[in-house]
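The dUMP binding site annotation in Swiss-Prot covers 23, 178, 179, 218, 219, 220, 221, 229, 259, 260, 261. The annotation active site, nucleophile is assigned in Swiss-Prot to 198. Residues or ranges marked as (6R)-5,10-methylene-5,6,7,8-tetrahydrofolate binding site by Swiss-Prot on the basis of sequence analysis: 221, 315.
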C-alpha cells in the first residue's frame, strides 16, 4: 500500500532516530538518508491517516511552474503557505510603521495577546498585497525561491535557464538521457536565503513508456512537511507525463535529514494508530498542451476519504 511507505518512515525514526538540536531550537528525532518508493499507477499518494489539504499543494506547485515568486497568486487562491516570508520583509522595512513584530513566528506561538495583534497586521498586509500593485511588487516578491530557480536560473553571464522547459524537451527528444535534472540549490544564494531550498534537486527517468521522478530533499519535517512534498512531486510527475505523452511510473523520495520535531511525537503516534484508507485517484478536468497553462480548478482528487486533521505546531 502506498501510504505504508510513509508510515514506515515514521515508525523507523521513532525507533531508531538520533536526538538532535536544530535551527529552530525545538529538538528533533532524526535519521539520515532514507528512501521511499511510490508506484503512481496504484493511486495518488495523498495521505489518508490524516487530512492533507490538496488545494494548497496544487496551487503552490502551479505557482512554482509559472515561475512566479510573488505571493499574490497564492493569496488569490487562498493559499497562505508563504505569507510569513513576505511579511517578514515588510515588517523589517523602513516603510513599516506598525507595532513591533520582531521574532513574530515564535512570539505568536507563545504570547496569545501578541498573536491577536500579529494576525491583524498580517491580514492588513495580505489585503494590501492583493489590492495594491506597487506594494505587491515591492513586498510580495520572495526573490530566488523555487519558481525562479526552476524557470529562470540566473547564470554568471546574466542570462537565465528555464530548467523545466529544458527537461520536458529532453524527455520528449532524448528520453535515455541521464541529465534530466532540475536543481533549486544554488550555493551563491544560500547565505542570503531566508530558507535555502529543502527539496533541492529532482531527476526524471523514462523506461517502458513510463516516467519516474526521484527527489533529493536535504531536510524533511516528517509530520508536517513531507506529506506535502510527496503529493506535490507526485503531481509534478503526473503533469510532466501528460505533457510528454507518457504513463506515470514511480515517485522515489530520497531524504537527507528526515526528522520528527519533539513537539510532534504525540501526533505521529496518534497517526500510526489509524488504519490507512484507499488512495484517491488524480483526475484532470481539463488537459492543456502546456504544463504552464494549468490552473488549480483543472486538477482534482476523487475518492479522498481521510481521517480527521491532526494539528501540530510549525517549528519556526
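Cβ coordinates are placed from backbone N, Cα and C, and glycine is handled just like the others.
Cα of residue 259 (dUMP binding site) to Cα of residue 198 (active site, nucleophile): a distance of 13 Å. Considering only the binding-site residues 179, 221, 261, residue 198 (active site, nucleophile) has 221 as its nearest partner by CA-CA distance. Under DSSP, residue 219 (dUMP binding site) is assigned to a strand (E or B) in the three-state scheme.
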